[in-house]
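Enquirer: Pasting a structure here, questions to come.
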Amino acid sequence: MMPVAGLLLCVTAVLCTSALGAGPRLDNGKLYRYSYSTEVGLNRPTGSPGGNVGFRISSDVDINLAWRNPEIQDEQLLQVKISNIQVESAGKHSRKNNIFHGSSAESILGKVRLEALQRPFLVLWKMGKIRSLYAQKAEPATVKNLKRGVASMLMMQLKSGKMSEADASGKCLVEYKVNKHQVIRTKHLETCKSQETGFTTHSPVLGISGKCAAETVITLENGIIKSADAKETHVLSINARHKAATKVLSRQSLTLKAIEAGPAEVAGKDVAGVVKALDDKFLSVGVIVEKTKPKCKGCPNLMETWKAVRSQLEPNSLSKAEAPRSFLTLVHSLRKSSKSEILTVLQNCSKTALPQLVDAVTSAQTPSSLSAILEFLDFSKKDGLILQERFLYACGFASHPTESMLQSLLEVSQGKIGSTEIKESVVIIMGALLRKLCLKGACDLPAVLKVKELLLAGPDSTQEESEVQMYLLALKNALLPEGIPVLAKYAESEVGAYSTIAITALQRYDPALITAEVKKALNRIYHQNQRIYEKNVRAAAADVIMSSNPSYMEVKNLLLSIGHLPHEMNKYMLSKIQDVLRFQMPAYKLVRQVMKDMISHNYDRFSKTGSSSAYSGFMAETVDVTCTYNLDILYSGSGVLRRSNMNIYGQSNNALLHGLQVTIEAQGLESLIAATPDEGEEELESFAGMSALLFDVQLRPVTFFKGYSDLMSKMFSMSGDPINVVKGLILLTDHSQVIPLQSGLRASAEFQAGLSIDISGGMEFSLWYRESKTSVNNRGALVIIGNMTVDTDFVSAGVEVGFETEATLDFITTVQFSEYPFLVCMQMDKTTFPFRETVSKQEKLPTGQMFSRKRSRDQVVPGSEFPLHQENSNMCKKVFEPAW
């Protein structure tokens, strides 16, 4: 009895295991008739469903068992036939606005596509998984993709768990939850891998965020799919303004209508033989959607686009929003153009618009555009300096640079260059490209390794001061961990310019990379343990110490130094400490702890007077982004500006972007007012210059004058007009993505931000009025456009969101040194500027019928003067008192 019972238990266990492991099966000789619909809608995430644009395809779908593997019962070949096709709008439009009204499926799809879509196809179904799809290879790609979408609705399994599987949208991690007669299939879309390629901006602050979800709910009856409902959403938004977002919603529904008598299965040993017997034109075409290239009928070519936008790209139009908008249109056209087309436009462009065209061609970042611009520019000639520098800056701001771009600059640097300034810019910009490629994980590419070796060895390979500075600035852009020892070495240099560049470069590194040895070097510089340093060098060293996780003793020694420094540096360091406390910078808790010691914190130390200052504040705070600024100004003891440093930062998505840094440095000007230089600065050559860092890219510094004779000649010929530091068009945000949907349709998303910018600065001296004035002027216009489209070769629908603005920011410092203490007034003004948001939606048929809707909202943001410390306000009243 016991052996028999044991045998029964074993048989029961085997049967149960077999049942759990079995997949869904269709019966022979039966036809399963379903209704099917797939719908795609596009809108803003906050838009009402009635405001969607898109289309719906509905049909009947008949499925029957064509063949079953005699050895593996769960391997089945299904024949699927689509019929009674209808195409209609997914939005709720009036009859007047419904472009699908009165149109038949044949008039929309075309006779060839309709016949191909209604042609039966085969699906190899094993354990509920689609292993292959068979169709005629000559069928249009759009038709095959729609068939893949229908087949994807059959994907299922009868036990819970996670696995990687492929359907129309790609190979993804899928989670199944099985409960009696219901199967819930959740696809983790962030894991999906497909044949589609795209690119995005490297900076999270300027980048795009996405949210996506996909779920299919399958209801079973007697082991057969009774219904399957799929919902898939993709939302893309601009990090700096999440309201500017687009959404695509895809729905699929498969519902069993009836089960009727159908054809019997075909006999055969293997799949290949059966498929050939059914239709010798059938080939395995894969499950994942294939790429399609919809043809744009009536779209303008590059020359036509250029003629339409060139008037908005003239220099006098760059401060208007039309300039970056036209720039984005031109970049879009350039990316579809050949090298010869691009060269033709370059060669037939006016001199005034050519610099802007160079910006656009370089920003296109295609092999054709790069090859065309390199052939057009002649770096051996000095007279092309403006165009050459615009090309180099556009490379530095490239959103997704390639190895070929870096290799091209390396070859330019090794060739004949007619201008010293261009030679410097080439090397400096190579550093910026190096960093961006390393951030993409491409640090081991051959060109990257060559440039890395060049930059690391560069400072020690030359005795020319300008070349050493060039390599140090390139390292400041590259931010290589291997560059820290090189920068630490030059930070202690006897040449002030080397020290300043090296120290400000170290400040850009992650504090975790600043080693104890580097900190010791910075402390030696600040406290002058080995030699005397210039004030601006010591101040820069103090900034790095305070921002690099300082120790208790480091902070204490900084505080104890106040009172033993040159007069204006005492005031600068005091302002710096107070700014750390007021703005709650990372070191503020440690500073508070040190200040509990009365030796470090007392009235004598904290009552130092002077005009130097350090101040941080908020420019803007929104739910999406926080924008801060800081202004540091250091004067010599005689009242002449030594260093002015303005920084603007943007923070979003836990990432920081150094949006702007403008530094004006001056030295050796005491002789103009018969004043005595500070300690360590007695032998400095007269010099004034300006350096800019824009969107994390250090640009080549600009010299106002160098040497006493140059100073005097410029003073007598000075017009008072500011000197341009950087001017041009920048592709700030650049995101391109193709989203394969489970329905077999493909959504394309493009987000781009164009910025026209003009940064200039100047210094004015009046010996008669004993007054100096420095100015930094920032003017620009910003346009951001994001669109999501589903474009087949028979219908297209899309939604576009955007916003634009024009702004001016001026920073002016006025110093009156007719008496001591001298009067200093700092002004940071933002003018009133317009702000516009737009939303447009569109549906279009090949016949030319189109529905479009556009809405916009305008507002004016009032201008303001950014608040600085109260001491500055009091000083400004005195400076401008006579005028009041």
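Here the Cβ of each residue, glycine as well, is placed from N, Cα and C on the backbone.
From Swiss-Prot, here are the annotated features:
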SIGNAL    1-21  signal peptide
DOMAIN    26-660  domain 'Vitellogenin'
DISULFID  CYS172-CYS192  disulfide bond
CARBOHYD  ASN348  N-linked glycosylation site
DISULFID  CYS438-CYS443  disulfide bond
CARBOHYD  ASN787  N-linked glycosylation site
Enquirer: Could you give the mean pLDDT over the domain 'Vitellogenin' (26-660), rounded to a whole number?
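Expert: Average per-residue pLDDT within the domain 'Vitellogenin' (26-660): 93.
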Enquirer: Any idea what the Cα distance is from CYS192 (disulfide bond) over to ASN787 (N-linked glycosylation site), rounded to a whole Å?
Expert: 22
Enquirer: Cα-Cα separation of ASN787 (N-linked glycosylation site) and ASN348 (N-linked glycosylation site), in Å?
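Expert: Distance between the two Cα atoms comes out at 32 Å.
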Enquirer: Calculate the distance in Å between the alpha carbons (Cα) of ASN348 (N-linked glycosylation site) and CYS172 (disulfide bond), and round it to a whole number.
Expert: 49
Enquirer: Could you tell me which of these disulfide-bonded residues, CYS172, CYS192, CYS438, CYS443, has the greatest number of Cβ atoms within 10 Å of its own Cβ?
Expert: CYS192
Enquirer: Could you tell me the C-alpha distance between CYS172 (disulfide bond) and CYS438 (disulfide bond) in angstrom, no decimals?
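Expert: CYS438 (disulfide bond) has its Cα 28 Å from the Cα of CYS172 (disulfide bond).
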Enquirer: Helix, strand or coil for ASN348 (N-linked glycosylation site)? Use DSSP.
Expert: coil
Enquirer: Using the structure shown, find which entry in ASN348, ASN787 (the glycosylation sites) has the sparsest Cβ neighbourhood within 10 Å.
Expert: ASN348
